[in-house]
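*Asks:* Here's a structure for you.
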Amino acid sequence: NLYFAQPVIGEISAALELLPERAGLIVTLTQLGYCCGLLLLVPLGDILENRRLSLSVLAVGFIAAVTMAITKSHFVFLLASIGLGIGSVSVQILLPYAAALADPQRQGVVVGRVMAGILTGIMLSRPVSALIAGAFGWRSVFWLASTVCILAALLIWRRMPPRKPDNRTRYVHILRSLLSAARCNRLLQRRAAYQFLMFYSYTLFWTALPLLLFGPVYGMNHLEISLIALAGASGAAMSPVAGKIADRGQIIPGTTIAFTAGLFAWSIMVFGGSGGALGVTVLTLGAIVLDGAVPVSLVMSQRELFSAYPEQRARLNGLFMATFFVGGALGASVGVWAFQSYSWVGVVVAGAAGPALALALHLIFTAGGPSITIGGISK
């Protein structure tokens, strides 16, 4: 639901009379709503019954999706975008729960499998949206989003066992602990910074790519764009592999490979602005590599955080993923701006800055040695 709007922002802005330079707000506000949910709702997973919390959050997403499907006001649409983002955080309530059920030696594999599902949904949302919009119009995309909320709620109700954490911490204390972790937890700071930069780059690419492919250089239709997005979705298959690597203690080299792969993806996609068969080839290959690099770095980070702080998984995951999606919100806005102002070359420069800076920071941190030790594990 977070990314259904990306392939159709042009049609939405035209139908709702939203200025083209502000079209990126559709994705940005959805991401910001998601971040609010991560910070304010996901930490409740440490103290409230998880199934009921997930269903309540999904109800918010359902109402927002229906509103987006029927409104004719761009102002109401943008407000509902925030609600859709808030309603999409239910999956982040389930992720720490899955980690809590897993054997400590297999947490990486379990987190990797769950993240594979999450990221596959993210990656498939674009081609599905493009296909649905091409056949039935952009409003049908948000009717589909509301249907997804209902189906997810039914699955959670039937298949997810109730879980009430054995934690009597008050909500206000949970929020205070988030501030403390943001200020003092070096591991969280480092990993959140990495993922901010990687998801900034990822979202920038998938926001700007439809603008290039719909434009005069390629002149593609929804179906053709969806095929490229489907190819990119194969990168999510790297999540379980990354989990196995993390469980073997290879988190630092795995992280290095992820950032290097992201930088490589952008280095070849610079040729994508020229059009033709070469352009399509490098864009498709770059999408696959970038879509593989992001989940690898993400699983490495979550495996490290969940194993280091088992009693605070939900709140730390909320804070970590909020930073992650703030990077995505920034990338969505920068992607539209860079393409409108500097064409595809500007997009490549802005996008490559993400993995390049993440790699530089990672090399600096690892060169300095481990910063803290928890349970005999260097962090």
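Placement of Cβ uses the backbone N, Cα and C atoms for every residue, glycine included.
Pasting the feature list from TrEMBL:
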{"type": "DOMAIN", "residues": "1-370", "note": "domain 'Major facilitator superfamily (MFS) profile'"}
{"type": "TRANSMEM", "residues": "23-41", "note": "transmembrane segment"}
{"type": "TRANSMEM", "residues": "53-70", "note": "transmembrane segment"}
{"type": "TRANSMEM", "residues": "76-102", "note": "transmembrane segment"}
{"type": "TRANSMEM", "residues": "114-136", "note": "transmembrane segment"}
{"type": "TRANSMEM", "residues": "142-160", "note": "transmembrane segment"}
{"type": "TRANSMEM", "residues": "196-219", "note": "transmembrane segment"}
{"type": "TRANSMEM", "residues": "225-243", "note": "transmembrane segment"}
{"type": "TRANSMEM", "residues": "250-271", "note": "transmembrane segment"}
{"type": "TRANSMEM", "residues": "277-299", "note": "transmembrane segment"}
{"type": "TRANSMEM", "residues": "319-338", "note": "transmembrane segment"}
{"type": "TRANSMEM", "residues": "344-365", "note": "transmembrane segment"}
*Asks:* Give residue numbers and ranges for long-range contacts of the transmembrane segment (277-299): same chain, 6 or more residues beyond its ends, CB-CB under 8 A.
*Replies:* 108, 111-112, 115-116, 119, 123, 194-195, 198-199, 201-202, 205, 209, 217-218, 228-229, 231-239, 241-243, 246, 254-255, 257-259, 261-262, 264-266, 268-269, 271, 324, 355, 358
*Asks:* If we call contact 3 or more Cβ pairs under 8 Å (sequence gap 6 or more), are the transmembrane segment (319-338) and the transmembrane segment (225-243) touching?
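*Replies:* Contact absent: fewer than 3 Cβ pairs fall under 8 Å.
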*Asks:* Within this structure, do the transmembrane segment (142-160) and the transmembrane segment (250-271) have 3 or more Cβ pairs under 8 angstroms, counting pairs 6 or more apart in sequence?
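*Replies:* The transmembrane segment (142-160) and the transmembrane segment (250-271): touching, no.
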